[in-house]
RNA sequence: GCGGACGUGGCGAAAUUGGUAGACGCACGGGACUUAAAAUCCCUUGGCCGAAAGGCCGUGCGGGUUCGAGUCCCGCCGUCCGCACCA
């Protein structure tokens, strides 16, 4: 009688052995081909959640599989450990952010180990370790020296709740991404990284990323937002000039107004002497930036009374408006309006009764009068445009740019949506920016031998704002240049800086440098990076920028950090509400009623697990109940990895049952004689199929194939082939269910660890069936099937099909009009 | 508004280049074993008609291409995601 698989005992035993033998420690000097598998490192928020489990299980299966295929695999883990939750905890619980963070790391590390991930813990790092952020400070200073960092007084997004500056990317619909508070504009001196210097490279580089999802590449492309056009000058009636940018210089003869932003220097100047303009500008600034507001917001303009002279006609003057739809921080903050061929301009022109002149033919009419409220933005030839008449749009664009450049009033330009990366944060729990401000010398880099600039431990969080700024002594230092009293920079770096190079530090972590070039280049780029799609823009763009900056500085000869990217779906769960409409957790209910009150509950939509909806399932107790392999198996089953996975009790039960089924096979293995060609064939097909599925990260398909194989083995009669299939199965399931695989490996008397075993060889002859089922169709509808030898001659197959009783009956004695034979597949008889 | 993805049984899903739709899992139902339960095993399960053999219908909807369409093309509908007054 077969015993039960004791998962808890086996999990602990094998995890201890892997740890003791350092099974998963990657060797830099290994002669094997190298493969770097990385999942996005977690923020140590307290406990791991199901999303982590799914993410790391996927990476682990791939990493373990590649090891078995003979590669030296780097599969490290660390902690994205700086950030605001630690400060929030400090404020709420009075615990130091560092203590809180390291405590969480200890908890989560133990949890990850409990699931048996094959991780190289010898390379573990936390971004809040001075050994890490000190090297980051060194890299920051390198960037300062390379001219990639600058300081700028600028209007910033100020989050009044978190009391910090946010990057544009961290402002969502005008609200702070974390606090949700409405963001204000403030002027502060900030440090910026010149990511825009790399805009072109970052855009072009996307083309090389064959193993990235198109969706992510497109999102980055849109974010970088390259626009080519003409920047040119209008002479204004006050004697000055206004620069505008347009992507449609071809439509220049359709212009009917010039519009400038409320924050445009000219508008500010006009507002000084004119309260009406000042009031209007104020109204523009107050306008919301949320999607809904923009859609409903009316186009508003204020006619300044000034006019601009058309560059091609000194007699032609255009009114200059201040308009609420023109943004100061895009292009040059001013546009020329061509209502006939731009919807926004048309809305504006209709409202203020400005001329609307057609300059691109829509193919139906060339008349200058433009009717209707829908701008024509399609292709066509230029009309009513003097020397441009008859040209195609692209041709006309070039012609106008040539004239502008030749006559010196404009220039072909590229404008980017991407802005430089503001990295200053007025927070404590982050990497201190290694700069000292001196009244005489200005900002001075901290000398290298004084790195790391460490955070002071004795800080308080009883009031909002930056504790570094309030600290009695920390910021007071002597200027490294002149020795006079000076002040430390009290801002810290955006935590996205920390995650922009951790993958390099994993590959190489000397104590005296950020990394060793040669060693890091052996591992990089990351072959497969796995994480959530929520990082499609911010983290992935910053990391790409950082890598290119390192290359620019000659520190690392790698262009792209992540050769392959996979964005996995979320783990979801049903939601429940009590009779009073409060969220209930799955533990609060049983059989459709709330346990505490006996009241019936309502079941809501399946949503991403979140604390606020109380639909989370803590992996901890689940692993203790079912064992690590069952949890891993469930994470890989059913849903394709890029889609959401719904957690369910039935699902984990099913996974657990499968683990027990495996064990009955392994445990019941007994010697037997004889062949079983069909089973051996199934085995080899499964080995090949699972390997392919794992490489493609199609884990759900690999799981299905393994179920099929197990079904086949269970049904097969005892034979040597069956015994062989069971022994081989141990290795095939090992990447996914490593604990039971080790247990079985030892039980059947194999040497060493299955983790060190090689992936089973495939007998390619076994992949090919020697008999095939051929579908027989009449007019494309299945009527019969034939079992024939593989590779049977076309004529034989056709003859067999036409001889089929059913086909004969269907044809009623008439000859077929046509017969199509697809070898080894089907016969279609056209009646 | 712009861009993208998706739509297949009661559910999660498979279906390599157009070639037997629904593999595999979950759930449901029936049965075996058991004093009973759990566990395990076996059978059934897209819909309709039929005792059965068999037939008809079926991949969001409407067209089209093809010997043959879940897959390709055109037009709709719906869901989800990203961006958004970007000149």
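One-based numbering along the chain as shown.
Any Cβ shown, glycine's included, is placed from N, Cα and C.
From a predicted model like this one, the values you see are computed outputs, not experimental measurements.
Of all the Cβ atoms in the protein chains shown, 10 others lie within 10 Å of the Cβ of residue A:611 (ATP binding site). For A:611, the entry in TrEMBL reads ATP binding site.
Per TrEMBL, domain 'Methionyl/Leucyl tRNA synthetase' is recorded for A:40-171. Under DSSP, residues within the domain 'Methionyl/Leucyl tRNA synthetase' (A:40-171) fall into helix, strand and coil as 66 helix, 29 strand, 37 coil.
Per TrEMBL, the feature domain 'Leucyl-tRNA synthetase editing' maps to A:221-404.
Taken from TrEMBL, the feature domain 'Aminoacyl-tRNA synthetase class Ia' covers A:418-574 (among others).
Taken together, the residues of the domain 'Aminoacyl-tRNA synthetase class Ia' (A:607-648) have an average pLDDT of 90. The domain 'Aminoacyl-tRNA synthetase class Ia' feature in TrEMBL is assigned to A:607-648 (among others).
The feature domain 'Methionyl/Valyl/Leucyl/Isoleucyl-tRNA synthetase anticodon-binding' is assigned by TrEMBL to A:676-793.
Taken from TrEMBL, the feature motif ''HIGH' region' applies to A:42-52. Nonlocal intrachain contacts for the motif ''HIGH' region' (A:42-52), taken as residues 6+ away from its ends with a CB within less than 8 angstroms of a stretch CB, comprise 79-81, 83, 85, 101, 104-105, 107-108, 111-112, 126, 532, 570-571, 609, 616-620, 647.
The motif ''KMSKS' region' annotation in TrEMBL covers A:608-612. Assigned with DSSP, the residues of the motif ''KMSKS' region' (A:608-612) fall into helix, strand and coil as follows: 0 helix, 1 strand, 4 coil.
Between the domain 'Leucyl-tRNA synthetase editing' (A:221-404) and the domain 'Aminoacyl-tRNA synthetase class Ia' (A:418-574), three or more CB pairs separated by 6 or more residues in sequence fall under 8 Å, so the two stretches touch. Taken residue by residue, the domain 'Methionyl/Valyl/Leucyl/Isoleucyl-tRNA synthetase anticodon-binding' (A:676-793) breaks down under DSSP into 67 helix, 17 strand, 34 coil.
Counted with DSSP, the domain 'Aminoacyl-tRNA synthetase class Ia' (A:607-648) comes out as 17 helix, 4 strand, 21 coil.
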